[in-house]
Amino acid sequence: MPQDPVDFEWSYWIEWGRERILWLLVGHLLVSQVSRFLVEKYKPWCLMVYGMAACWLLLGIKGFAVILLHATISFAVAQFQLSLLTWLCSLILLFTLRIPAVEEAKRNWYDTENEYYLLLFTVSVRCLFCTSFSLEYCWHGPAQKSSHSFLWMLAYVFYYPMFHNGPLMNFDEFSKQMRRQEAFSLKTNLSILTVGVIRIFFWWCLAELMIHLMYIHALYSSAPPLEAASYWALGGLALAQVLFFYVKYLVLYGVPALLLQMDGLKPPALPCCVSLMHSFTKMWRSFDVGLHCFLVRYIYVPMGGSQSSLLGMFFSTALTFAFVSYWHGGQSYLWYWGALNWLGVIVENGVKRILSISPIQDLI
């Protein structure tokens, strides 16, 4: 039975996974386990070298050079220890990805459009990693600078399981966990690997069944079926789409999360089931946990967050969603999406504040 071809993200990553990425992840696993067993002290550098080699193999020398250049520029700007300057650098680097002449030049490096998109997605995610490292560098004192060296930045930026599509882990968490040396247990690791592979295979089968049998995205791309459907049917289609999105990210984030566990790291929690969500705010907190932690730590809290006035909280939230929209591509529909998300969070928080007032509580 033919599958629904409209969901680009699933088709794209599954195709790349089958061709090369899955095999490179297996290679990372082997290097990781051997280095944990033989040279635990040098594990971060073994994994860094492997990540660089995998990047070179997959994206070519020019793609590798772009990512290395971004990391070098970010590190150089971080030396000024000014958070605002670091953010300006990060936004400019993201902006360069959307300059038509630069896009065309990068396209000419590769034989297929898919290879160019792999570079684009990878560099976009690497920008978040460079931003995390640079801001942590700005915020830490001279005594901690040795743990924020350029070598550690490269170990973080080129860590392969999170290289192409995330999930995101803040630098301080990555560094702290990577430095921690634990006793190597082959039996424990085999148990984690076996259970993890079975779970991911189940999620993958479920996603493939949904994409072969339900045709959710094909229906959404055609106006006549939607115009003819009842409101109940439209609601069902909407629910089916977000459920597929949830299962898709269980696979896309589940694979790197399993490898992080095998490396002795604690990965960000996998997405919560959307059917259990009743809160707009909770959806943002618990779907992409790594991205949420990044946004809260580096944008929302520094701008005042919930500890500031009501207008300050509105501004902090608006700035957070503005960055999310810009990072995802900055197209007009993404700004609308970001604005609607901001409005949803503001309305929900506003209602919660009203309901917490004593007279309203007494009435309830």
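Note that the numbers count up from 1, one per residue, in the order the chain is shown.
In case you wondered, yes, glycine gets a Cβ from its N, Cα and C as well.
Curation does not apply to TrEMBL; its annotations are automatic.
Going by TrEMBL, these are the annotated features:
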TRANSMEM  20-39  transmembrane segment
TRANSMEM  46-69  transmembrane segment
TRANSMEM  75-95  transmembrane segment
TRANSMEM  116-135  transmembrane segment
TRANSMEM  150-169  transmembrane segment
TRANSMEM  190-211  transmembrane segment
TRANSMEM  231-252  transmembrane segment
TRANSMEM  310-328  transmembrane segment
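Among residues of the same chain six or more beyond the transmembrane segment (116-135), those with a C-beta under 8 A of the stretch's C-beta atoms are 12, 16, 55, 58-59, 63, 66-67, 70-71, 74-75, 77-78, 83, 86-87, 89-90, 93-94, 97, 106-107, 109-110, 148, 152-153, 156-157, 162-166, 168, 170-171, 294, 298, 327. Residues of the same chain lying 6 or more positions beyond the ends of the transmembrane segment (46-69) and with a Cβ under 8 Å from any Cβ of it are 20-21, 24, 27-28, 31-32, 35, 39, 106, 109-110, 115, 118-119, 122-123, 126, 151, 154-155, 157-160, 163, 263.
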